[in-house]
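Colleague: Structure provided below as C-alpha cells; questions to follow.
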C-alpha cells in the first residue's frame, strides 16, 4: 500500500480543519541563500504554511542545495521542491511535488522528466506528492519552457477536464498555474468550475499580488494560494512582511 507522507498529511489536516493555506515559492535562480533564509524566517513568523523551492530555469545542483539548507536552518516550515525538470531535486528538502504538466505538447514534461528523476527521489528518501500541473494563459516562462498549450482564460471547462483527468490518474493535488509574474491570476470563474468537479485540494498560483485577489480566489474554491514574485519583488524585508500580511488577511 502507498503511504501518505508527513508533509502531505500535514496539508490535508490543515485543509480538513477548514483553513485555506498559503505557500511561498522561492526561486534559487533569483534568491541567494542568505535572503532565502530571511524570507523563510519571515514566512514562519507571519503564518505561511510551507515553502516551495524551484523555478523554470536554473534551479539545480549546489545552488538549489544551498538555498534549501538556508531555509531549513532558518525556519521549521515544510520545504517542498517544485522542480522545473528532473535536475531540480535536493536531498535536503522534506518533500517534492511529483508533478506532471498535463497540457504540455512534449511528453518529456508529462512523464519523461518524472521517469528520469524517480530513482533520485527514492534514493534521497524524499516524500513524493503526486500533482496534476495545468498551465493557464498566459503561462509566462513556465509555459514556454514546458512547451505547454495553455488553457485559454475563457475556457474553464477545458481546465476542469484536465483537472479531473489528473485526479482519475491518481494525482492527489491539482495546481492551476498562470505563470510566475503573470499580469493577472487564474480567473476565479475557472477556479470555481474546476473545484466543482474535483475531490482533491486545488492549488492556484501565478500573478497573485493582493489580498483582494486572494480573497476572490479562495472564495471561488482555491484551497492553497502560492505567491512568489509578489514577495521577491519587494525592496526590503519590511515591505515583504507587509505584503505577506496583506496576502494572509485575504485568506481569512
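Glycine is no exception: its Cβ is also placed from the backbone N, Cα and C atoms.
The Mg(2+) binding site annotation in Swiss-Prot covers 27, 56, and the record cites sequence analysis as its basis. Summarising the annotation, Swiss-Prot assigns sn-glycerol 1-phosphate binding site to 175, 176, 177, 178, 179, 180, 181, 206, 207, 228, 229 and lists sequence analysis as the type of evidence.
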Colleague: List the same-chain residues at least 6 positions away in sequence whose Cβ sits under 8 Å from the Cβ of residue 229 (sn-glycerol 1-phosphate binding site), in sequence order, or say none.
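Modeller: Looking at Cβ-Cβ distances below 8 Å from residue 229 (sn-glycerol 1-phosphate binding site), excluding near sequence neighbours, one finds 180, 181, 209.
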Colleague: Should residue 229 (sn-glycerol 1-phosphate binding site) be counted as helix, strand, or coil on the basis of DSSP?
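Modeller: Assignment for residue 229 (sn-glycerol 1-phosphate binding site) reads helix.
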Colleague: Can you tell me whether DSSP puts residue 179 (sn-glycerol 1-phosphate binding site) in helix, strand or coil?
Modeller: coil
Colleague: Which has the fewest other CB atoms in a 10 Å radius around its CB: 27, 177, the listed binding-site residues?
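Modeller: Counting other Cβ atoms within 10 Å of each of the binding-site residues 27, 177 gives the minimum at 27.
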Colleague: Among the binding-site residues 181, 207, which residue has the largest number of other Cβ atoms within 10 Å of its own Cβ?
Modeller: 207
Colleague: On the Cα atoms of 175, 176, 177, 178, 179, 180, 181, 206, 207, 228, 229, which are listed as binding sn-glycerol 1-phosphate, what is the maximum pairwise distance in Å?
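Modeller: Comparing all Cα pairs, the maximum is 17 Å.
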